[in-house]
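Novice: Copying in the features that Swiss-Prot gives for the protein in this structure:
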- K109, S110, T111, Y112, A113, R114, Q154, Y168, Q178: dCTP binding site (BINDING)
- E135: active site, proton donor/acceptor (ACT_SITE)
Amino acid sequence: MGLKSDTWIKKMSKKGMIEPFCEKQVGKNIVSYGLSSYGYDIRVGNEFMIFTNIGANLVDPKSFDERNVVEITTEENGYCLVPPNSFALARTIEYFRIPRNVLAICLGKSTYARCGIIVNVTPFEPEFEGHITIEISNTTPLPAKIYANEGIAQVLFLEGDETCEVSYKDKKGKYQGQKGITLPKVIK
């Protein structure tokens with residue numbers, strides 16, 4: 001597998017791999033986002049779901065209760081406060097269309113990690129299409145700000161040695177085509 005460069009990412013963005021696409025790194029007085037040498041820094045939207053214990057008492061990934069979360073929408077350039085030792089879901093501004101021969105891996109930005117805020121996103125499988133749901137953990141004993149419309153994580157694109165036999169689209173992945181924040185699903 002080879003790591004793809006800014007040249008390749010820019011070329012693929014013209015084919016709709018990332019929309020909207022920012023051709024350069026933007027980062028003055030904000031958490032940076034946009035194209036980097038070997039990746040793309042994604043932005044978090046202004047919609048969040050914060051976990052709460054009001055109205056529910058158990059988190060079950062096989063039978064998720066929507067009462068476990070409170071929906072919050074911030075101003076376009078506002079922020080969301082994630083409570084101490086708590087968890088939030090958000091989504092990317094960007095919509096992705098991953099090529100069949102590519103797997104993308106997402107890593108949290110060090111700006112947030114150095115504040116005790118951990119970002120997790122599972123790999124973007126070949127032929128996945130949709131917004132990315134972002135998992136955000138505040139590991140600190142203090143409230144933490146997440147800035148809407150600013151950088152949150154970096155995506156690295158890896159091209160396979162050969163094209164996969166079965167893509168995410170082929171297997172009708174449960175999160176295919178997701179728009180907005182998508183809560184956990186189990187295929188029944």
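Using N, Cα and C of the backbone, Cβ positions are placed for all residues, glycine too.
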Novice: Give the number of CB atoms, excluding that of Q154 (dCTP binding site) itself, located within 10 Å of its CB.
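Specialist: That number is 20.
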Novice: Taking the Cα atoms as reference points, how far is K109 (dCTP binding site) from E135 (active site, proton donor/acceptor) in Å?
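Specialist: Distance (Cα to Cα, whole Å): 13 Å.
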Novice: Under DSSP, is Q154 (dCTP binding site) part of a helix or a strand, or is it coil?
Specialist: strand
Novice: Could you find out if DSSP has T111 (dCTP binding site) as helix, strand or coil?
Specialist: helix
Novice: I want to verify one value. Collapsing DSSP to three states, which class is Q178 (dCTP binding site)?
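Specialist: The residue in question, Q178 (dCTP binding site), is strand (DSSP, three-state).
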Novice: Neighbour count, 10 Å Cβ-Cβ cut-off, for T111 (dCTP binding site): what number do you get?
Specialist: 16
